[in-house]
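Written out below as structure tokens is the structure these notes cover.
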Amino acid sequence: MEGAGGLDNPAFVPSSPGPRRHLPASLAEVEVSVFSGPGEELPLPQPLAQPPPAQPPELEEGPCGCGRFTPQCLQRCNNPKGFLFHYCLLALTQGIVVNGLVNISISTVEKRYELKSSLTGLVSSSYDISFCLLSLFVSFFGERGHKPRWLAFASFMMGLGSLIFSLPHFTSGEYHFGSKFEDTCPVTGNSSSCRDSTSKLSSYLYVFILGQLFLGVGGTPLYTLGTAFIDDSVPTHKSSLYIGIGFSMSVLGPAIGYVLGGQLLKIYIDADMGKRAFINEDDPRWLGAWWIGFILSWFLAWSLILPFSCFPKHLPGTAEIQAGKISQAHQNESDTKTTDKNFGKSIKDFPASLKILLRNPVFMCLAMSTATEALISTGFATFLSKYIENQFGLSSSFAATLGGVVLIPGAALGQILGGVIVSKFKMACKNIMKFSLLMSLLSLVLSFIFLFAKCGNEPFAGVSEAYNGTGELGNLTAPCNVNCNCLGSFYFPVCGRDGVQYFSPCIAGCKNSVPNSQPKTYNNCSCIGRTKQMMSSAESLSFEAKAGKCGTHCTNLPLFLGFFFVTIVFTFMAGTPVTVAILRCVNNQQRSLALGVQFVLVRLLGTIPGPIVFGFAIDNSCSLWDINECGIRGACWLYDNARMAFMLVGISVGCKALTILFNILAIFLYKPPPSGTHVTFQSENVVVASVPVEPDHSKTRHDG
């Protein structure tokens, strides 16, 4: 490529199987050979022998260390594998905090600081808001900067965000729980009135938002500049493998966050104050130590600041690797400005850079395909456990465990497999897009498993089953419990010996409970019928109801989990290849900005609306809503399983179809570089030579 403004990442491309030399361009010496025919080489005049030229600043390589402190032991990490190790740790930390600890702690934070669900939703969205606002600018200015130091800055901001998120625990004082909640009939101490009081604790909302904003600032360089740095430092055919391993760590992070957060919630919230609670985890008043995980993440993130600061601007061997790469960028008439060495260094170039990317149809199609896939992925990540819980009659904790066992390993395996396959077969840009299209088609076909693995609803008193022949459907109150003063907002399901599920022990009319029984059992239940004998005679004599949902007669759970795991694997097998295709179809100078634009689209069109769209669909399948004393509708207690399955299939198929459409458009619109391309070798002030060369057919796989 020719330009008038200086050196643009020179690439020495061999034209024949004959002798080849890969030398970085410099201010003092440039060697150029013109090949006039097979085996015939006409050397251009060369300057007299001079000392080895200095590396150009954009390919500045160096030892690992701090200033003049560069001990030999640190040089063992001064390679792509060493950088990938620290990159994986940072991606793991980000996943643990943002997608693990925050999500699992949000309900505890709601109760402790008396926040509404709509406000905690704002807390969750603050990360994406921060990411979207900064992504374009960070990726634009960081492309020519010191990328490892940007990741050191990311580590600092992630640690600071984790620390700020945990601060309310240390400044809000001791947690005081109220009197014990009675769940049997008649209820005398659970009456409540309609009041809307604002607590001072709710002002901590702004601290949580600030913490999430800082976490978003830290996450921005990680997936833009960090990914581009890996692509800089390894050969083309290995890039997908390294990126796939890094992305798999970001998927594994939430799993670790959920497991760690779940274990920490078993510790009493004020354990650091030497306080002991006389309540256990089964008590609704129990709150766990949600804050410990954020303190640990703070230390882990800040421990990575020094290692990233010690890496050089470019790893040793980067210049040689860059010289051996052949451009696969989509040929676009509007990208001539990128040949200027100084293009992209000024804020004035930002609109032009953004315009070039937005006018690249292949890049835009690939970015849109990742956004539609992200909508599905985040939707299922948010509501998969709820789907399993309601479809198959499982407890929320067990459903969450099954969802994590299927979703997290499937996503990580898919990311790695996609990168390995692309790397193994050394796919060029067009073949990478074809591979992604095939994976999307397979996952589309498997999405229909929801229609075949769904389950019907079990009998539920007051919704689908009358109270022993009394009461009305759609009303939880019946003659058998009308005098119990039950709260409609206290959902604690029990299964009667008649095989019918009841909203709570109070709604079932149970007057006594058996102490220290596991699970908790109840007797003297006026609403439970005696016509069916769903339990053994020994059980029916000992109690009339037991805590928990009734067991389901549906046996489709193994079928669903198996096929859903395969669907997740195929879905994420397209993730890493699409990212690699984006890096290939844009100019070398615009890779970081391209990733920034991609992630903005992913956030705006995928991860932000995804949970909203899925939540709207699931709410539309609700059969029983929580209505509080003020007449305000709250959470949904019971869903129509068949309607829920059809709604989720509709969303999945629609988004998958859009993904496939965008992939097809990208394949047809892609124009690879011509076989004869111009490689320009430039000095600081003048163009030394411009030579048409042929790509090395022995080392490059061509697209079909």
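Each residue, glycine too, has its Cβ placed from N, Cα and C.
Some features that TrEMBL has for this protein:
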type	residues	note
COMPBIAS	44-56	compositional bias 'Pro residues'
DOMAIN	83-668	domain 'Major facilitator superfamily (MFS) profile'
DOMAIN	474-529	domain 'Kazal-like'
REGION	1-22	region 'Disordered'
REGION	37-60	region 'Disordered'
TRANSMEM	84-106	transmembrane segment
TRANSMEM	118-138	transmembrane segment
TRANSMEM	150-170	transmembrane segment
TRANSMEM	205-229	transmembrane segment
TRANSMEM	241-269	transmembrane segment
TRANSMEM	289-308	transmembrane segment
TRANSMEM	362-385	transmembrane segment
TRANSMEM	397-423	transmembrane segment
TRANSMEM	435-453	transmembrane segment
TRANSMEM	559-583	transmembrane segment
TRANSMEM	595-618	transmembrane segment
TRANSMEM	645-670	transmembrane segment
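When the stretches 118-138, 241-269, 397-423 are ranked by Cβ pairs under 8 Å to the transmembrane segment (362-385), first place goes to 397-423. Of the recorded ranges 84-106, 150-170, 289-308, 397-423, 559-583, the transmembrane segment (118-138) has the largest number of C-beta contacts under 8 angstroms with 84-106. Contact between the transmembrane segment (150-170) and the transmembrane segment (289-308) is present: at least three CB pairs lie under 8 Å, with pairs separated by 6 or more positions in sequence. When the stretches 241-269, 397-423, 559-583, 595-618 are ranked by Cβ pairs under 8 Å to the transmembrane segment (645-670), first place goes to 595-618. Across 241-269, 435-453, 559-583, stretch 241-269 shows the highest tally of CB pairs under 8 A with the transmembrane segment (289-308). Counting residues 6+ beyond its ends, the transmembrane segment (241-269) has Cβ neighbours under 8 Å at 80, 84, 87-89, 91-97, 99-101, 103-105, 108, 112, 169, 175, 223, 226-227, 230-231, 234, 275-277, 281, 286-293, 296, 381, 400, 404, 408-409, 411-413, 415-420, 422-423, 572, 575-576, 579-580 in the same chain. For the transmembrane segment (595-618), the residues of the chain that approach it from at least six positions outside its boundaries are 125, 128, 131-132, 135-136, 138-140, 220, 223-224, 227-228, 354, 357-358, 363, 366-368, 370-380, 382-383, 386-387, 579, 582-583, 636, 639, 644, 647-648, 650-651, judged by C-beta separation under 8 angstroms. Using DSSP to sort the residues of the domain 'Kazal-like' (474-529) gives these counts of helix, strand and coil: 0 helix, 15 strand, 41 coil. Over the domain 'Kazal-like' (474-529) the predicted model carries a mean pLDDT of 83.
Residues of the same chain lying 6 or more positions beyond the ends of the transmembrane segment (397-423) and with a Cβ under 8 Å from any Cβ of it are 237-245, 247-248, 251-252, 254-255, 258-259, 377, 380-381, 384-386, 388-389, 432, 435, 439, 561, 564-577, 580. Away from its own ends, the transmembrane segment (205-229) comes close to residues 83, 87, 90-91, 94, 97-98, 102, 109, 113, 115, 119, 122-124, 126-131, 134-135, 138-139, 142-143, 145, 147-148, 150-151, 153-168, 243, 246, 250, 301, 579, 583, 591-592, 595-596, 599 of its chain (Cβ-Cβ under 8 Å, at least six residues beyond either end).
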